[in-house]
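*Asks:* Could you have a look at this structure, given as structure tokens, before my questions?
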Amino acid sequence: MSESTVRIGLVLPDVMGTYGDGGNAVVLRQRLRWRDIDAEIVEIDLPDPVPDSLDIYTLGGAEDSAQRLATRHLLRYPGLQTAAGRGAPVLAICAAIQVLGQWYETSSGERVEGVGLLDATTTPQLTRAIGEVTTTPLLPGLSAPLTGFENHRGGTTLGPGATGLARVSRGVGNGVGDGLEGVVQGSVLGTYMHGPALARNPELADHLLCRALGVDSLPPLDLPEVDRLRRERLRA
Ligand code: GLN
């Protein structure tokens, strides 16, 4: 590893990684390597303290009991909070939005204190949101529709400190009637989209990489197979 290697933190994939969300870290690494930028994935598992020195972090979704374990761990080892505080980009998928919020209620109605990086609270809804979701991004710098697969019972309400990542055109999204999907607050970006989200939304992947590298843009990649996959998903 050289000093310029971009270090991607894959946070707690042993408890938070439903639907192959760990693939988001692989996509980030590969999109850097294709551009001849050294990159490596640093996997942080449950016994490990969370380092605050990495360049970018990703967290996946989880079932209620697993997300409780993750919440406790992140509060005990606040490296992620320190890193986000200095502007390191953090991608939070599904349960990770809930965990990084102020608090969330599990499907059995128990309220759990969150990590507090996001001005967001989550309560269980009457029906589970399952299926494809398509959205129009609200985040400046993104223009292509975002697509993914959602499966969650929690509905997330954003407070004034946070904004939506996108507006839902198909599917449920945050699920509290405001038409929003996902959340953005400072360097933390959350979405209910599995997929993995970054494999299905390369523009979002490059947006996060630009933030991690402190650059305005990256050389485009010509990947017809990704374009084909996106066209199929958007048509379906
Ligand atoms: N357990 C959470 C919910 O059902 C998150 C699920 C997930 O990450 N897919 O809302």
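Any Cβ shown, glycine's included, is placed from N, Cα and C.
Note that the structure is a prediction, hence the values are computed from the model and not measured.
Dumping what TrEMBL says about this protein:
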ACT_SITE  CYS94  active site, nucleophile
ACT_SITE  HIS194  active site
BINDING   ARG128  substrate binding site
DOMAIN    7-201  domain 'CobB/CobQ-like glutamine amidotransferase'
*Asks:* Give me the non-local Cβ neighbours of the residue listed as 'substrate binding site': same chain, 6+ apart in sequence, Cβ-Cβ under 8 Å, ordered along the sequence.
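*Replies:* The list for the residue listed as 'substrate binding site' reads ASN151, HIS152, ARG153, given in order along the sequence.
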*Asks:* Counting Cβ neighbours within 10 Å across all chains shown, tell me which of the active-site residues CYS94, HIS194 comes out on top.
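*Replies:* Ranked by Cβ atoms within 10 Å, first place goes to CYS94.
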*Asks:* Give the three-state DSSP assignment (helix, strand or coil) for CYS94 (active site, nucleophile).
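*Replies:* Assignment for CYS94 (active site, nucleophile) reads coil.
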*Asks:* Looking only at C-alpha atoms, tell me how far the residue listed as 'active site, nucleophile' is from the residue listed as 'active site', rounded to the nearest Å.
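*Replies:* Each residue's Cα considered, the residue listed as 'active site, nucleophile' and the residue listed as 'active site' end up 8 Å apart.
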*Asks:* According to DSSP, collapsed to three classes, what secondary structure does the residue listed as 'substrate binding site' have?
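*Replies:* Once the DSSP labels are grouped into three classes, the residue listed as 'substrate binding site' ends up as strand.
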